[in-house]
Each structure stands twice: as C-alpha cells, then as structure tokens.
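Student: From TrEMBL, here are the annotated features:
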| type | residues | note |
| --- | --- | --- |
| REGION | 1-26 | region 'Disordered' |
| ACT_SITE | Asp91 | active site, nucleophile |
| BINDING | Tyr146 | substrate binding site |
| DOMAIN | 184-286 | domain 'Pseudouridine synthase I TruA alpha/beta' |
| REGION | 352-375 | region 'Disordered' |
Amino acid sequence: EENGHQNKRLKSDADEEDAEDQNKKSPKRKIVLLMAYSGKGYHGMQRNVGSSQFKTIEDDLVSALVQSGCIPENHGEDMKKMSFQRCARTDKGVSAAGQIVSLKVRLIDDILEKINNHLPSHIRILGLKRVTGGFNSKNKCDARTYSYMLPTFAFAHKDHGVQAELYRLDTETLQRVNKLLACYKGTHNFHNFTSQKGPRDPSAKRYIMEMYCGEPFVRENMEFAVIKVKGQSFMMHQIRKMIGLVIAIVKGYAAESIMECSWGEEKVDVPKAPGLGLVLEKVHFEKYNRRFGNDGLHEPLEWTEEEEKIAVFKEQYIYPTIINTEREEKSMANWLSTLPIHDFNSSAVEMQTNNKNSKKSSDPEGSDGCGDDSD
C-alpha cells in the first residue's frame, strides 16, 4: 500500500514536471483571439478585479486561459502582466460575434481547443493570429461595426394601434428609417448621445462611416430587422441613443428637426433604446493590415475562414437569445411605452431643472450600453 501511494506521488510529480517543461518550451508570444459571446446575464466584457458579484465575459475568459495553461495564475490577477487589451468594452447584456482581444500567451499545442474546453458554450474562441510585439487591439483598431436587432413594430406610428406579432414593416417606412439613419454619417457632436460629456468636449465628436437598416425577416411569427452601424469609435450608450431618436421620429413623437438640434450645443432629451439586440459584429484593422499584413511574418487581421463559424454561433446563441428575451420580457414594447414622457422641445434650462429633480427621485443611470471606448 505504501509503495502504491509513493508511486502515485511520483507520478503526479512527474506530470507537474512535464507541464513545467512544456511551459518552458512554449515561449510567450503576442497574439489576438477572435471571440464570440452571448452577453445576457453578464455585466459587460471588462473584468472588475475584486468585484465578484458582477460577472463579466473576461472573468470566464481569464479563468479558461489559466486552466488551459496558456498563462500563469498570477497573470489572471494582474492582466497587465500578459499585456491584455480588449478591442471594445461592450456593456451589460451586449453580445459580440467578432470581438478581438490581444495578449501574450504560451503557444501550447491545440491551444484553441484547450481554451474552449474551459469556457461555457455561449463563449467561444473562434480564431487566433500572431501579431507584432507592440500590438494593442484597442489602439490599432480603425473602426468598429455593430448591429442592432429589433422587432419592426418599433417603427409603427404611435397613432396606429398595432399588434406586435401582426405588424409588418412597409417599404415606405423602411425608406424613411434609412433616410434618417443616413443623416448620422460623417462627423457630428454626439454629446447628447452619451452621459457626462459637455457640448464643447472634443471627444464628443465622432465619425460615422455607414448606418442603415436591412430588409425585415420573420422569426417565431414576429418580424425583426437589423440595423448596422460602422464608426471609428463609440461612446457609452451612443448607438442605443442614435437608434432611440430615429424610432421616436418615425413613431411621431419627435420632429425630424430634433436630429439637427441634437448636434448643437443645447441639451436635447434623447431616448435610449434597450440594450437587448446590440451586437459587436466586427472590428477593423485596415492600417495595421496595410503595414504588416503582407510582410511575410504576420497575417492580415481578417477572418474570412472563420465567417462560417461566426454565422453558426450567431444562429445558435445570439439571435435566439434576443428573440426569446424580447418575447418573454417585452423589452422593446415596454421601452416604447416610455417615449411619450420625453420632452423633445424642452430648452436647456428646463432640461437642467428636470435632470436635478429626477436625480433626487431616482437612481443614476446605469452603464449598460455599447460603451466600447467611453472615456
């Protein structure tokens, strides 16, 4: 019996030594990981070390990296040690189909399989590429593309009583939606589309490359449509407020002229559409690809080979979550019922008074938008 125990001890010591040898043989390299996740039930992407009550996507990711042997345990506690950087800081409930993180890891055998084995099925690492030593996924990113999936009854005029399940978006309304969304293109002052930024804050100016709503489609007897927006970077709540204002105009609660006013210095009460439906689709590295993508040492950061895996993940985890949550919790219908309380014509002075009063009577607004780089 004693010999048996001793043999077991020797075997476990030998296993540990093998793992250490494997780690010594695997030098640390700077890589990027292509991630997809369903954000429901998470308090966003970014890890809050020491705050275990608010679970984030990075909590699960770091745990999987440690357990798979890619990073030492102390790197999980201090993420700077592995030069970790996420490309976009998605907020509470927001999903991603093409999030990118950069970090230094040991390039162990079957690395993707091993990381995924320690992740829940609604978080997947779909790809990996080597990058330059100084690469930082946030700073090197030229643009981000988000999508927002919503039930089309959101665009039904307020004076026409409609049943959510029966509503179908007509061509004329879709054209009007797209005309309004196209107004966002170019550089505008979006101080009214986020919190805690004044009209003269230079960082409130953002550049939007494209924004449009695609053709509607029916899922589970309800009609949905997807809005796509590509911009250099977005502030907290910005996309949800951009969409919220267009819905308010199309429904007849606000005049079209409000959009122009919202980019001016005056305070405008811009409604914020629900977080459900917002998905980080893709991040773009055009400058990096031009410089390093074909240098013979590095690959361009494009993911054509992974596109099918991304599409499958969206169909399995992201779309069903959005559709089922919408049907069960009615987040869009409930939010639409709050639109009549917005005063789209109030002056800056009235707004400040209202804000002071509302702050006294309610909790401050939570951060649950699409703040991919909110300062």
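A Cβ is built for glycine as well, from the same backbone N, Cα and C atoms used for every other residue.
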Student: May I have the DSSP-based helix, strand and coil counts for the residues of the domain 'Pseudouridine synthase I TruA alpha/beta' (184-286)?
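Tutor: Computed counts for the domain 'Pseudouridine synthase I TruA alpha/beta' (184-286) are 27 helix, 33 strand, 43 coil.
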Student: In whole Å, note down how far the CA of Asp91 (active site, nucleophile) lies from the CA of Tyr146 (substrate binding site).
Tutor: 13
Student: How many other Cβ atoms sit within 10 Å of the Cβ of Tyr146 (substrate binding site)?
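Tutor: By my count, 25.
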